[in-house]
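Straight from TrEMBL, the features:
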ACT_SITE  A:Tyr131  active site, proton donor/acceptor
ACT_SITE  A:Lys159  active site, schiff-base intermediate with substrate
BINDING   A:Thr44  pyruvate binding site
2 protein chains.
Amino acid sequence: MFTGLSAFPLTPTGEAGIDERGFRKLVERLAAAGVDSIGALGSTGGYAYLTREERSRAARIAVDAAGDVPVMVGIGALRTSDVLALAEDAQNAGASAVLLAPVSYQQLTDDEVFGLYEDVTAGLSVPLCVYDNPGTTHFRFSDELHGRIASLPNVGAVKIPGIPEDQAPARVAAFRNALPAGVALGVSGDQFAAGGLNAGADVWFSVIGGLLPEECLAITRAARHDAARAVELSQRMTPLWKLFGRYGSLRVTSAAAEHLGLIGSPNLPRPLRGLPAEARQEVADVLEALEVRA
Amino acid sequence: MFTGLSAFPLTPTGEAGIDERGFRKLVERLAAAGVDSIGALGSTGGYAYLTREERSRAARIAVDAAGDVPVMVGIGALRTSDVLALAEDAQNAGASAVLLAPVSYQQLTDDEVFGLYEDVTAGLSVPLCVYDNPGTTHFRFSDELHGRIASLPNVGAVKIPGIPEDQAPARVAAFRNALPAGVALGVSGDQFAAGGLNAGADVWFSVIGGLLPEECLAITRAARHDAARAVELSQRMTPLWKLFGRYGSLRVTSAAAEHLGLIGSPNLPRPLRGLPAEARQEVADVLEALEVRA
(Lines of atoms letter the chains of each structure in order from A and count residues from 1; the text may use other names and numbers.)
(Lines give C-alpha, C1' and ligand atoms only; values in the text may rest on other atoms or scores of the structure.)
Protein backbone atom coordinates (compact mmCIF):
# COMPACT_ATOMS: atom_id res chain seq x y z
CA MET A 1 0.00 0.00 0.00
CA PHE A 2 2.59 2.56 1.09
CA THR A 3 5.01 2.50 -1.82
CA GLY A 4 5.67 4.35 -5.07
CA LEU A 5 3.23 7.06 -6.12
CA SER A 6 0.16 7.78 -4.04
CA ALA A 7 -1.97 10.24 -6.02
CA PHE A 8 -4.33 12.66 -4.27
CA PRO A 9 -7.22 13.81 -6.49
CA LEU A 10 -9.35 16.90 -6.01
CA THR A 11 -12.94 16.36 -4.88
CA PRO A 12 -14.62 18.93 -7.16
CA THR A 13 -17.22 20.63 -4.97
CA GLY A 14 -19.48 23.59 -5.66
CA GLU A 15 -22.22 25.18 -3.58
CA ALA A 16 -24.58 22.37 -4.61
CA GLY A 17 -22.21 19.70 -3.28
CA ILE A 18 -19.72 17.27 -4.81
CA ASP A 19 -19.53 16.88 -8.59
CA GLU A 20 -19.65 13.11 -8.32
CA ARG A 21 -19.21 12.47 -12.03
CA GLY A 22 -16.17 14.71 -12.15
CA PHE A 23 -14.67 13.05 -9.10
CA ARG A 24 -15.22 9.57 -10.50
CA LYS A 25 -13.52 10.59 -13.74
CA LEU A 26 -10.48 11.93 -11.88
CA VAL A 27 -10.11 8.69 -9.92
CA GLU A 28 -10.60 6.46 -12.95
CA ARG A 29 -7.90 8.40 -14.76
CA LEU A 30 -5.44 7.75 -11.92
CA ALA A 31 -6.23 4.05 -11.85
CA ALA A 32 -5.82 3.83 -15.63
CA ALA A 33 -2.42 5.53 -15.39
CA GLY A 34 -1.29 2.84 -12.95
CA VAL A 35 -0.58 4.84 -9.81
CA ASP A 36 0.37 2.68 -6.83
CA SER A 37 -2.37 4.03 -4.59
CA ILE A 38 -4.95 6.79 -4.42
CA GLY A 39 -5.38 9.20 -1.53
CA ALA A 40 -9.02 10.26 -1.55
CA LEU A 41 -10.18 13.10 0.66
CA GLY A 42 -6.75 14.42 1.47
CA SER A 43 -6.17 18.16 1.86
CA THR A 44 -6.35 18.49 -1.93
CA GLY A 45 -9.54 16.43 -1.75
CA GLY A 46 -11.05 19.06 0.56
CA TYR A 47 -11.92 16.63 3.35
CA ALA A 48 -12.02 19.36 5.98
CA TYR A 49 -14.85 21.15 4.15
CA LEU A 50 -17.16 18.20 3.51
CA THR A 51 -19.96 16.70 5.59
CA ARG A 52 -19.85 13.17 6.94
CA GLU A 53 -22.39 12.11 4.28
CA GLU A 54 -20.40 13.69 1.45
CA ARG A 55 -17.22 12.06 2.67
CA SER A 56 -18.82 8.64 2.95
CA ARG A 57 -20.23 8.97 -0.55
CA ALA A 58 -16.89 10.19 -1.98
CA ALA A 59 -15.06 7.30 -0.32
CA ARG A 60 -17.41 4.80 -1.94
CA ILE A 61 -17.03 6.41 -5.35
CA ALA A 62 -13.24 6.45 -5.01
CA VAL A 63 -13.02 2.76 -4.04
CA ASP A 64 -15.36 1.80 -6.85
CA ALA A 65 -13.63 3.91 -9.50
CA ALA A 66 -10.14 2.84 -8.41
CA GLY A 67 -10.73 -0.82 -9.27
CA ASP A 68 -7.69 -2.81 -8.10
CA VAL A 69 -5.74 0.25 -6.95
CA PRO A 70 -5.85 0.58 -3.15
CA VAL A 71 -7.49 3.71 -1.79
CA MET A 72 -6.52 5.58 1.37
CA VAL A 73 -9.24 7.85 2.77
CA GLY A 74 -8.75 10.98 4.88
CA ILE A 75 -10.63 10.82 8.21
CA GLY A 76 -9.45 14.03 9.87
CA ALA A 77 -11.82 16.23 11.87
CA LEU A 78 -11.56 18.55 14.85
CA ARG A 79 -13.34 16.24 17.29
CA THR A 80 -12.25 12.71 18.11
CA SER A 81 -15.80 11.33 18.09
CA ASP A 82 -16.20 12.62 14.52
CA VAL A 83 -12.89 11.03 13.49
CA LEU A 84 -14.06 7.69 14.89
CA ALA A 85 -17.29 7.90 12.88
CA LEU A 86 -15.37 8.84 9.72
CA ALA A 87 -12.97 5.93 10.27
CA GLU A 88 -15.91 3.56 10.41
CA ASP A 89 -17.43 5.06 7.26
CA ALA A 90 -14.11 4.83 5.38
CA GLN A 91 -13.66 1.19 6.31
CA ASN A 92 -17.25 0.40 5.37
CA ALA A 93 -16.60 2.06 2.02
CA GLY A 94 -13.72 -0.33 1.38
CA ALA A 95 -10.74 1.90 2.12
CA SER A 96 -7.42 0.05 2.27
CA ALA A 97 -5.98 2.63 4.67
CA VAL A 98 -6.95 5.84 6.44
CA LEU A 99 -5.12 9.16 6.68
CA LEU A 100 -5.32 11.28 9.82
CA ALA A 101 -3.97 14.76 10.53
CA PRO A 102 -4.28 16.43 13.94
CA VAL A 103 -6.74 19.05 12.69
CA SER A 104 -6.67 21.92 15.15
CA TYR A 105 -8.70 24.91 16.24
CA GLN A 106 -7.31 25.21 19.74
CA GLN A 107 -3.57 24.56 19.59
CA LEU A 108 -3.13 20.91 20.61
CA THR A 109 -0.53 19.60 23.05
CA ASP A 110 1.68 16.60 22.27
CA ASP A 111 -0.30 14.51 24.76
CA GLU A 112 -3.59 15.47 23.11
CA VAL A 113 -2.29 14.50 19.68
CA PHE A 114 -0.93 11.22 21.01
CA GLY A 115 -4.30 10.60 22.67
CA LEU A 116 -6.12 11.25 19.39
CA TYR A 117 -4.06 8.63 17.55
CA GLU A 118 -4.39 6.23 20.50
CA ASP A 119 -8.18 6.58 20.48
CA VAL A 120 -8.44 6.15 16.71
CA THR A 121 -5.91 3.39 16.01
CA ALA A 122 -7.34 1.13 18.74
CA GLY A 123 -10.42 0.25 16.70
CA LEU A 124 -9.02 0.11 13.15
CA SER A 125 -8.91 -2.90 10.88
CA VAL A 126 -6.87 -1.12 8.17
CA PRO A 127 -3.53 0.67 8.53
CA LEU A 128 -3.43 4.37 9.40
CA CYS A 129 -1.10 6.95 7.89
CA VAL A 130 -0.10 9.75 10.25
CA TYR A 131 -0.51 13.01 8.34
CA ASP A 132 2.00 15.67 9.36
CA ASN A 133 0.93 18.90 7.65
CA PRO A 134 1.83 21.96 9.74
CA GLY A 135 0.68 24.24 6.92
CA THR A 136 -2.96 23.33 7.55
CA THR A 137 -2.99 21.96 11.12
CA HIS A 138 -0.41 24.35 12.61
CA PHE A 139 0.72 21.43 14.76
CA ARG A 140 4.41 20.56 14.76
CA PHE A 141 5.41 16.97 15.45
CA SER A 142 8.74 16.28 17.11
CA ASP A 143 10.61 13.19 15.88
CA GLU A 144 10.06 11.76 19.38
CA LEU A 145 6.27 12.18 19.10
CA HIS A 146 6.30 10.66 15.60
CA GLY A 147 8.11 7.66 17.08
CA ARG A 148 5.61 7.25 19.93
CA ILE A 149 2.61 7.48 17.62
CA ALA A 150 4.12 5.21 14.98
CA SER A 151 4.53 2.56 17.68
CA LEU A 152 0.76 2.38 18.21
CA PRO A 153 -1.04 -0.62 16.69
CA ASN A 154 -2.24 -0.24 13.09
CA VAL A 155 0.03 2.66 12.17
CA GLY A 156 1.36 1.83 8.71
CA ALA A 157 2.96 5.02 7.48
CA VAL A 158 3.90 8.60 8.23
CA LYS A 159 3.38 11.37 5.67
CA ILE A 160 5.86 14.16 6.28
CA PRO A 161 6.06 17.65 4.77
CA GLY A 162 8.47 18.44 1.94
CA ILE A 163 12.19 18.56 2.73
CA PRO A 164 14.58 20.61 0.56
CA GLU A 165 16.79 18.26 -1.45
CA ASP A 166 20.06 19.02 0.34
CA GLN A 167 18.51 18.20 3.73
CA ALA A 168 16.58 15.13 2.58
CA PRO A 169 19.18 12.39 3.23
CA ALA A 170 19.77 13.50 6.83
CA ARG A 171 16.08 14.06 7.62
CA VAL A 172 14.96 10.79 6.04
CA ALA A 173 17.65 8.95 8.05
CA ALA A 174 16.54 10.70 11.25
CA PHE A 175 12.91 9.75 10.62
CA ARG A 176 13.87 6.14 9.92
CA ASN A 177 15.67 6.14 13.23
CA ALA A 178 12.61 7.52 15.04
CA LEU A 179 10.07 5.16 13.42
CA PRO A 180 9.64 1.48 14.23
CA ALA A 181 10.67 -0.99 11.52
CA GLY A 182 7.80 -1.71 9.16
CA VAL A 183 6.30 1.77 9.28
CA ALA A 184 6.61 3.36 5.84
CA LEU A 185 7.90 6.88 5.35
CA GLY A 186 6.19 9.06 2.78
CA VAL A 187 7.13 12.49 1.52
CA SER A 188 4.89 15.26 0.30
CA GLY A 189 5.59 18.76 -0.99
CA ASP A 190 5.66 17.87 -4.68
CA GLN A 191 8.64 20.00 -5.62
CA PHE A 192 10.80 18.12 -3.11
CA ALA A 193 9.54 14.63 -3.91
CA ALA A 194 12.40 13.52 -6.17
CA GLY A 195 14.90 14.41 -3.46
CA GLY A 196 12.86 12.59 -0.83
CA LEU A 197 12.48 9.45 -2.92
CA ASN A 198 16.16 9.54 -3.81
CA ALA A 199 16.94 9.77 -0.10
CA GLY A 200 15.03 6.54 0.46
CA ALA A 201 11.45 7.51 1.28
CA ASP A 202 9.03 4.67 0.46
CA VAL A 203 6.24 6.67 -1.08
CA TRP A 204 5.40 10.05 -2.56
CA PHE A 205 2.03 11.39 -1.42
CA SER A 206 1.39 13.71 -4.31
CA VAL A 207 -0.98 16.59 -5.01
CA ILE A 208 -0.01 16.98 -8.66
CA GLY A 209 0.07 13.18 -9.00
CA GLY A 210 -3.70 13.39 -8.60
CA LEU A 211 -3.87 15.40 -11.84
CA LEU A 212 -0.73 14.47 -13.81
CA PRO A 213 -0.15 10.85 -12.86
CA GLU A 214 2.04 9.96 -15.83
CA GLU A 215 4.54 12.76 -15.25
CA CYS A 216 4.71 11.84 -11.56
CA LEU A 217 5.02 8.10 -12.21
CA ALA A 218 8.01 8.85 -14.42
CA ILE A 219 9.72 10.71 -11.55
CA THR A 220 8.81 7.98 -9.05
CA ARG A 221 10.08 5.15 -11.27
CA ALA A 222 13.29 7.03 -12.13
CA ALA A 223 14.03 7.51 -8.43
CA ARG A 224 14.30 3.70 -8.11
CA HIS A 225 17.26 3.39 -10.47
CA ASP A 226 18.45 6.80 -11.70
CA ALA A 227 18.45 9.53 -9.05
CA ALA A 228 19.77 12.21 -11.40
CA ARG A 229 17.01 11.49 -13.91
CA ALA A 230 14.34 11.82 -11.19
CA VAL A 231 15.73 15.22 -10.24
CA GLU A 232 15.87 16.27 -13.89
CA LEU A 233 12.24 15.26 -14.51
CA SER A 234 11.17 17.13 -11.39
CA GLN A 235 13.17 20.22 -12.33
CA ARG A 236 11.41 20.30 -15.67
CA MET A 237 8.25 21.04 -13.69
CA THR A 238 9.78 24.01 -11.84
CA PRO A 239 7.35 26.54 -13.38
CA LEU A 240 4.51 24.55 -11.82
CA TRP A 241 6.24 24.35 -8.42
CA LYS A 242 6.63 28.13 -8.58
CA LEU A 243 2.89 28.57 -9.11
CA PHE A 244 2.26 26.21 -6.16
CA GLY A 245 4.45 28.46 -4.04
CA ARG A 246 2.70 31.61 -5.21
CA TYR A 247 -0.97 30.55 -5.17
CA GLY A 248 -1.07 27.33 -3.13
CA SER A 249 -1.14 23.84 -4.62
CA LEU A 250 -4.91 23.43 -4.16
CA ARG A 251 -5.97 26.44 -6.18
CA VAL A 252 -3.37 25.83 -8.90
CA THR A 253 -4.43 22.18 -9.24
CA SER A 254 -8.07 23.25 -9.35
CA ALA A 255 -7.35 25.74 -12.16
CA ALA A 256 -5.20 23.20 -14.00
CA ALA A 257 -7.92 20.54 -13.86
CA GLU A 258 -10.36 23.06 -15.26
CA HIS A 259 -7.93 24.10 -18.00
CA LEU A 260 -7.49 20.45 -18.99
CA GLY A 261 -11.27 20.15 -19.25
CA LEU A 262 -11.50 17.50 -16.54
CA ILE A 263 -13.85 19.36 -14.19
CA GLY A 264 -16.13 22.37 -14.30
CA SER A 265 -16.07 25.62 -12.39
CA PRO A 266 -16.39 26.48 -9.54
CA ASN A 267 -14.96 23.31 -8.01
CA LEU A 268 -13.88 24.54 -4.57
CA PRO A 269 -16.42 25.04 -1.78
CA ARG A 270 -16.76 28.57 -0.46
CA PRO A 271 -15.14 30.43 1.22
CA LEU A 272 -12.42 28.96 -1.07
CA ARG A 273 -12.39 30.55 -4.51
CA GLY A 274 -10.75 29.62 -7.75
CA LEU A 275 -7.79 31.69 -8.94
CA PRO A 276 -8.43 35.08 -10.54
CA ALA A 277 -8.22 35.31 -14.34
CA GLU A 278 -4.60 36.45 -14.53
CA ALA A 279 -3.35 33.61 -12.39
CA ARG A 280 -5.44 31.14 -14.39
CA GLN A 281 -3.69 32.34 -17.53
CA GLU A 282 -0.32 31.70 -15.87
CA VAL A 283 -1.45 28.15 -15.03
CA ALA A 284 -2.61 27.61 -18.61
CA ASP A 285 0.68 28.94 -20.00
CA VAL A 286 2.74 26.66 -17.78
CA LEU A 287 0.69 23.60 -18.74
CA GLU A 288 1.09 24.45 -22.42
CA ALA A 289 4.84 24.94 -22.04
CA LEU A 290 5.10 21.57 -20.24
CA GLU A 291 3.04 20.02 -23.05
CA VAL A 292 0.62 18.55 -20.54
CA ARG A 293 -2.51 16.99 -21.97
CA ALA A 294 -5.53 15.55 -20.17
CA MET B 1 -25.20 45.26 22.61
CA PHE B 2 -21.49 45.93 21.99
CA THR B 3 -20.52 47.76 25.15
CA GLY B 4 -19.01 47.02 28.56
CA LEU B 5 -18.33 43.40 29.49
CA SER B 6 -19.25 40.61 27.10
CA ALA B 7 -18.71 37.35 28.98
CA PHE B 8 -17.86 34.13 27.12
CA PRO B 9 -18.84 30.98 29.04
CA LEU B 10 -17.49 27.48 28.51
CA THR B 11 -19.83 24.95 26.93
CA PRO B 12 -18.97 21.96 29.14
CA THR B 13 -18.80 18.99 26.78
CA GLY B 14 -17.76 15.40 27.39
CA GLU B 15 -17.76 12.37 25.10
CA ALA B 16 -21.52 12.01 25.66
CA GLY B 17 -22.17 15.57 24.47
CA ILE B 18 -22.92 18.91 26.12
CA ASP B 19 -23.59 19.04 29.85
CA GLU B 20 -26.70 21.17 29.34
CA ARG B 21 -27.41 21.65 33.04
CA GLY B 22 -23.86 22.82 33.66
CA PHE B 23 -24.00 25.18 30.69
CA ARG B 24 -27.32 26.67 31.81
CA LYS B 25 -25.90 27.26 35.28
CA LEU B 26 -22.86 29.08 33.87
CA VAL B 27 -25.05 31.38 31.77
CA GLU B 28 -27.52 32.08 34.60
CA ARG B 29 -24.59 33.05 36.82
CA LEU B 30 -23.39 35.61 34.26
CA ALA B 31 -26.84 37.11 33.88
CA ALA B 32 -27.24 37.32 37.64
CA ALA B 33 -23.90 39.13 37.93
CA GLY B 34 -25.14 41.76 35.47
CA VAL B 35 -22.74 41.37 32.56
CA ASP B 36 -23.61 43.56 29.59
CA SER B 37 -23.81 40.70 27.12
CA ILE B 38 -23.02 37.01 26.84
CA GLY B 39 -20.94 35.45 24.07
CA ALA B 40 -22.17 31.88 23.72
CA LEU B 41 -20.25 29.41 21.56
CA GLY B 42 -17.11 31.49 21.24
CA SER B 43 -13.70 29.83 21.16
CA THR B 44 -14.00 29.26 24.91
CA GLY B 45 -17.46 27.86 24.24
CA GLY B 46 -15.90 25.27 21.94
CA TYR B 47 -18.03 26.12 18.91
CA ALA B 48 -15.56 24.64 16.47
CA TYR B 49 -15.93 21.19 18.05
CA LEU B 50 -19.72 20.96 18.23
CA THR B 51 -22.29 19.68 15.76
CA ARG B 52 -24.95 21.89 14.23
CA GLU B 53 -27.55 20.27 16.47
CA GLU B 54 -25.48 20.79 19.62
CA ARG B 55 -24.86 24.41 18.67
CA SER B 56 -28.52 25.10 17.99
CA ARG B 57 -29.47 23.55 21.32
CA ALA B 58 -26.75 25.48 23.21
CA ALA B 59 -27.86 28.75 21.58
CA ARG B 60 -31.44 28.17 22.76
CA ILE B 61 -30.31 27.34 26.29
CA ALA B 62 -28.09 30.43 26.41
CA VAL B 63 -30.83 32.80 25.24
CA ASP B 64 -33.30 31.27 27.68
CA ALA B 65 -30.90 31.28 30.66
CA ALA B 66 -29.67 34.83 29.94
CA GLY B 67 -33.06 36.41 30.50
CA ASP B 68 -32.81 40.10 29.57
CA VAL B 69 -29.08 40.00 28.84
CA PRO B 70 -28.42 39.96 25.07
CA VAL B 71 -26.65 36.88 23.73
CA MET B 72 -24.20 36.80 20.83
CA VAL B 73 -23.74 33.35 19.26
CA GLY B 74 -20.67 32.06 17.42
CA ILE B 75 -21.47 30.83 13.89
CA GLY B 76 -17.98 30.04 12.60
CA ALA B 77 -17.29 26.96 10.45
CA LEU B 78 -14.90 26.02 7.67
CA ARG B 79 -17.50 26.06 4.91
CA THR B 80 -19.66 29.04 4.01
CA SER B 81 -22.79 26.93 3.52
CA ASP B 82 -22.41 25.65 7.10
CA VAL B 83 -21.93 29.19 8.40
CA LEU B 84 -25.15 30.25 6.67
CA ALA B 85 -27.05 27.38 8.29
CA LEU B 86 -25.58 28.21 11.69
CA ALA B 87 -26.51 31.88 11.26
CA GLU B 88 -30.09 30.86 10.64
CA ASP B 89 -30.12 28.57 13.67
CA ALA B 90 -28.65 31.28 15.90
CA GLN B 91 -31.23 33.82 14.80
CA ASN B 92 -34.03 31.30 15.26
CA ALA B 93 -32.72 30.65 18.77
CA GLY B 94 -33.09 34.33 19.59
CA ALA B 95 -29.51 35.51 19.35
CA SER B 96 -29.11 39.31 19.48
CA ALA B 97 -25.90 39.13 17.44
CA VAL B 98 -23.64 36.59 15.76
CA LEU B 99 -19.86 36.18 15.94
CA LEU B 100 -17.87 34.99 12.94
CA ALA B 101 -14.19 34.12 12.62
CA PRO B 102 -12.59 33.11 9.30
CA VAL B 103 -12.01 29.53 10.42
CA SER B 104 -9.34 28.07 8.17
CA TYR B 105 -7.93 24.75 7.02
CA GLN B 106 -6.48 25.94 3.74
CA GLN B 107 -4.90 29.35 4.30
CA LEU B 108 -7.49 31.88 3.11
CA THR B 109 -6.77 34.90 0.93
CA ASP B 110 -8.07 38.38 1.76
CA ASP B 111 -10.59 38.12 -1.07
CA GLU B 112 -11.88 34.79 0.23
CA VAL B 113 -12.34 36.20 3.73
CA PHE B 114 -14.08 39.27 2.37
CA GLY B 115 -16.30 36.98 0.29
CA LEU B 116 -17.20 34.95 3.36
CA TYR B 117 -18.37 38.02 5.25
CA GLU B 118 -20.15 39.31 2.16
CA ASP B 119 -22.04 36.01 1.74
CA VAL B 120 -23.00 35.83 5.42
CA THR B 121 -23.88 39.44 6.24
CA ALA B 122 -26.20 39.73 3.23
CA GLY B 123 -28.91 37.61 4.85
CA LEU B 124 -28.66 38.63 8.51
CA SER B 125 -31.32 40.31 10.58
CA VAL B 126 -29.05 40.78 13.62
CA PRO B 127 -25.63 42.48 13.76
CA LEU B 128 -22.47 40.49 13.15
CA CYS B 129 -19.23 40.82 15.08
CA VAL B 130 -16.09 40.14 13.04
CA TYR B 131 -13.91 37.82 15.08
CA ASP B 132 -10.19 38.38 14.52
CA ASN B 133 -8.38 35.55 16.30
CA PRO B 134 -5.13 34.63 14.54
CA GLY B 135 -4.25 32.21 17.36
CA THR B 136 -6.99 29.82 16.23
CA THR B 137 -7.69 30.80 12.60
CA HIS B 138 -4.10 31.62 11.57
CA PHE B 139 -5.57 34.35 9.40
CA ARG B 140 -4.19 37.85 9.80
CA PHE B 141 -6.46 40.78 8.98
CA SER B 142 -4.93 43.98 7.70
CA ASP B 143 -6.52 47.21 8.93
CA GLU B 144 -7.59 47.81 5.32
CA LEU B 145 -9.43 44.47 5.17
CA HIS B 146 -11.07 45.15 8.54
CA GLY B 147 -12.30 48.44 7.12
CA ARG B 148 -13.71 46.83 3.96
CA ILE B 149 -15.51 44.11 5.89
CA ALA B 150 -16.82 46.50 8.56
CA SER B 151 -18.43 48.52 5.76
CA LEU B 152 -20.65 45.58 4.79
CA PRO B 153 -24.29 45.76 5.89
CA ASN B 154 -25.09 44.33 9.35
CA VAL B 155 -21.55 44.46 10.70
CA GLY B 156 -21.90 45.81 14.23
CA ALA B 157 -18.54 45.19 15.85
CA VAL B 158 -15.00 43.93 15.44
CA LYS B 159 -13.34 41.77 18.09
CA ILE B 160 -9.59 42.20 17.95
CA PRO B 161 -6.82 40.25 19.69
CA GLY B 162 -5.14 41.59 22.83
CA ILE B 163 -2.84 44.58 22.49
CA PRO B 164 -0.05 45.21 25.04
CA GLU B 165 -0.97 48.24 27.17
CA ASP B 166 1.72 50.58 25.84
CA GLN B 167 0.58 50.00 22.23
CA ALA B 168 -3.15 50.14 22.96
CA PRO B 169 -3.81 53.87 22.45
CA ALA B 170 -2.13 53.93 19.01
CA ARG B 171 -3.69 50.65 17.83
CA VAL B 172 -7.18 51.54 19.06
CA ALA B 173 -6.90 54.90 17.29
CA ALA B 174 -5.73 53.19 14.08
CA PHE B 175 -8.65 50.76 14.20
CA ARG B 176 -11.11 53.57 14.80
CA ASN B 177 -9.71 55.23 11.72
CA ALA B 178 -10.11 52.06 9.65
CA LEU B 179 -13.67 51.26 10.81
CA PRO B 180 -16.82 53.09 9.72
CA ALA B 181 -18.55 55.19 12.38
CA GLY B 182 -21.05 53.13 14.35
CA VAL B 183 -19.07 49.90 14.24
CA ALA B 184 -18.02 49.02 17.80
CA LEU B 185 -14.47 48.01 18.64
CA GLY B 186 -13.98 45.20 21.15
CA VAL B 187 -10.79 43.91 22.71
CA SER B 188 -9.96 40.42 23.83
CA GLY B 189 -6.87 38.89 25.41
CA ASP B 190 -7.99 39.21 29.03
CA GLN B 191 -4.67 40.36 30.44
CA PHE B 192 -4.66 43.36 28.09
CA ALA B 193 -8.33 44.29 28.51
CA ALA B 194 -7.87 47.12 31.03
CA GLY B 195 -5.40 48.83 28.70
CA GLY B 196 -7.71 48.37 25.73
CA LEU B 197 -10.75 49.75 27.56
CA ASN B 198 -8.70 52.64 28.90
CA ALA B 199 -7.62 53.36 25.32
CA GLY B 200 -11.27 53.70 24.33
CA ALA B 201 -12.42 50.27 23.16
CA ASP B 202 -16.20 49.91 23.51
CA VAL B 203 -16.35 46.39 24.82
CA TRP B 204 -14.25 43.66 26.41
CA PHE B 205 -14.95 40.22 24.96
CA SER B 206 -13.77 38.18 27.90
CA VAL B 207 -12.86 34.55 28.49
CA ILE B 208 -12.41 34.87 32.23
CA GLY B 209 -15.49 37.10 32.36
CA GLY B 210 -17.43 33.93 31.53
CA LEU B 211 -16.28 32.45 34.84
CA LEU B 212 -15.48 35.42 37.11
CA PRO B 213 -17.97 38.06 36.00
CA GLU B 214 -17.80 40.18 39.16
CA GLU B 215 -14.04 40.62 39.05
CA CYS B 216 -14.25 41.50 35.35
CA LEU B 217 -17.19 43.88 35.80
CA ALA B 218 -15.14 45.75 38.42
CA ILE B 219 -12.30 46.22 35.87
CA THR B 220 -14.76 47.24 33.13
CA ARG B 221 -16.59 49.76 35.30
CA ALA B 222 -13.34 51.22 36.65
CA ALA B 223 -12.09 51.80 33.08
CA ARG B 224 -15.00 54.22 32.59
CA HIS B 225 -13.84 56.69 35.26
CA ASP B 226 -10.53 55.58 36.82
CA ALA B 227 -8.00 54.17 34.38
CA ALA B 228 -5.35 53.53 37.02
CA ARG B 229 -7.81 51.56 39.14
CA ALA B 230 -8.75 49.37 36.14
CA VAL B 231 -5.08 48.57 35.56
CA GLU B 232 -4.58 47.87 39.26
CA LEU B 233 -7.52 45.47 39.38
CA SER B 234 -6.25 43.71 36.27
CA GLN B 235 -2.71 43.47 37.62
CA ARG B 236 -4.04 41.80 40.75
CA MET B 237 -5.00 38.91 38.45
CA THR B 238 -1.50 38.57 36.98
CA PRO B 239 -1.00 35.04 38.39
CA LEU B 240 -4.06 33.97 36.38
CA TRP B 241 -2.82 35.70 33.21
CA LYS B 242 0.45 33.82 33.64
CA LEU B 243 -1.38 30.51 33.76
CA PHE B 244 -3.30 31.54 30.60
CA GLY B 245 0.03 32.13 28.92
CA ARG B 246 1.45 28.82 30.05
CA TYR B 247 -1.50 26.47 29.51
CA GLY B 248 -3.93 28.36 27.29
CA SER B 249 -7.00 30.23 28.53
CA LEU B 250 -9.43 27.44 27.61
CA ARG B 251 -7.80 24.69 29.67
CA VAL B 252 -7.17 27.00 32.65
CA THR B 253 -10.77 28.23 32.62
CA SER B 254 -11.99 24.64 32.37
CA ALA B 255 -9.88 23.62 35.39
CA ALA B 256 -10.95 26.73 37.31
CA ALA B 257 -14.65 26.06 36.68
CA GLU B 258 -14.16 22.53 37.95
CA HIS B 259 -12.26 23.74 41.00
CA LEU B 260 -15.09 26.14 41.82
CA GLY B 261 -17.52 23.23 41.62
CA LEU B 262 -19.49 24.74 38.74
CA ILE B 263 -19.02 21.91 36.24
CA GLY B 264 -17.89 18.29 36.26
CA SER B 265 -14.97 16.57 34.56
CA PRO B 266 -14.12 15.99 31.77
CA ASN B 267 -15.70 19.08 30.23
CA LEU B 268 -13.68 19.46 27.02
CA PRO B 269 -14.37 17.27 23.98
CA ARG B 270 -11.51 15.03 22.85
CA PRO B 271 -8.88 15.40 21.50
CA LEU B 272 -8.80 18.31 23.99
CA ARG B 273 -7.91 17.21 27.49
CA GLY B 274 -8.13 18.88 30.86
CA LEU B 275 -4.93 20.01 32.52
CA PRO B 276 -2.72 17.44 34.24
CA ALA B 277 -2.85 17.23 38.05
CA GLU B 278 0.10 19.51 38.75
CA ALA B 279 -1.24 22.31 36.58
CA ARG B 280 -4.69 21.92 38.16
CA GLN B 281 -3.09 22.46 41.54
CA GLU B 282 -1.49 25.66 40.26
CA VAL B 283 -4.91 26.86 39.09
CA ALA B 284 -6.44 26.01 42.47
CA ASP B 285 -3.64 27.82 44.31
CA VAL B 286 -4.07 30.95 42.19
CA LEU B 287 -7.85 30.98 42.72
CA GLU B 288 -7.36 30.62 46.49
CA ALA B 289 -4.77 33.40 46.56
CA LEU B 290 -7.15 35.66 44.61
CA GLU B 291 -9.92 34.71 47.07
CA VAL B 292 -12.20 33.75 44.20
CA ARG B 293 -15.41 31.98 45.15
CA ALA B 294 -18.10 30.50 42.92
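A Cβ is built for glycine as well, from the same backbone N, Cα and C atoms used for every other residue.
Here the features listed in TrEMBL are placed on the structure.
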residue	record	Cβ neighbours (10 Å)
A:Thr44	pyruvate binding site	26
A:Tyr131	active site, proton donor/acceptor	28
A:Lys159	active site, schiff-base intermediate with substrate	26
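Mapped onto three states, the DSSP output places A:Lys159 (active site, schiff-base intermediate with substrate) in strand. Taking the C-alpha positions, the distance from the residue listed as 'pyruvate binding site' to the residue listed as 'active site, proton donor/acceptor' comes to 13 Å. The two recorded residues A:Lys159 (active site, schiff-base intermediate with substrate) and the residue listed as 'active site, proton donor/acceptor' have their Cα atoms spaced 5 Å from each other.
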